[in-house]
Amino acid sequence: GFAFFVCFIMSTGDGSYDYFQFVQQWPPTTCRVRGKCSNPRPIQIFTIHGLWPSNYSNPTTPSNCIGSQFKESMVSPRLRSKLKRSWPNVEGSNDTRFWEGEWNKHGTCSQQTLNQYQYFERSHEMWHFHNITNILKNASIVPHPTQTWTYSDIVSTIKAVTQTTPLLRCKQHKKTQLLHEVV
């Protein structure tokens with residue numbers, strides 16, 4: 001998967017977060033590493049893992065903020081059909097449960113800036129605008145059983161399009177490093 005670093009919002013004043021990490025995952029790696037996906041042939045495009053408010057001092061926080069819990073009614077039918085493409089639950093069949101977990105853990109921290117609807121709508125727009133699958137495909141970087149690419153090949157390809165240096169998260173599988181997330 002890919003993890004894509006996007007600094008589109010700066011929050012000042014309350015110190016709760018400094019920027020958002022927009023994280024995309026490569027489902028085949030997620031399934032291979034976790035070994036518990038509902039679909040035996042995972043989708044072959046980068047999908048959203050989450051939009052995580054983060055701090056420069058500690059990129060893993062904040063999470064589990066005090067905010068409004070997930071309301072399924074905030075996900076309109078139109079938004080739901082978008083999220084089923086961009087933000088499916090790769091490991092299970094219940095997309096809504098995945099969205100609920102991401103909102104309750106991370107989205108609640110963004111509530112001063114993005115309400116629940118905006119959080120999901122903005123995430124989908126970012127996925128569409130920064131389409132990692134297409135960015136890599138246009139550079140002939142596509143999953144292949146024997147062909148491999150360097151970390152810098154992938155980073156420079158993404159940076160050339162997005163003007164931002166992504167963070168890649170890889171997972172060890174047998175003796176190979178597999179791209180898992182783009183942040």
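Cβ atoms here come from the backbone N, Cα and C positions, even for glycine.
The structure displayed is predicted, hence computed values, not measured ones.
Cβ neighbour count for HIS49 (active site) (all protein chains, 10 Å cutoff from its Cβ): 26. Marked as active site by TrEMBL: HIS49 (among others).
The annotation active site is assigned in TrEMBL to GLU102 (among others). Counting Cβ atoms from all protein chains shown, GLU102 (active site) has 21 others lying within 10 Å of its own Cβ.
In sequence order, GLY50, LEU51, TRP52, PRO53, SER63 constitute the residues six or more apart from HIS106 (active site) in its chain with CB-CB distances below 8 Å. Summarising the annotation, TrEMBL assigns active site to HIS106 (among others).
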GLU102 (active site) to HIS49 (active site) - Cα separation in whole Å: 8
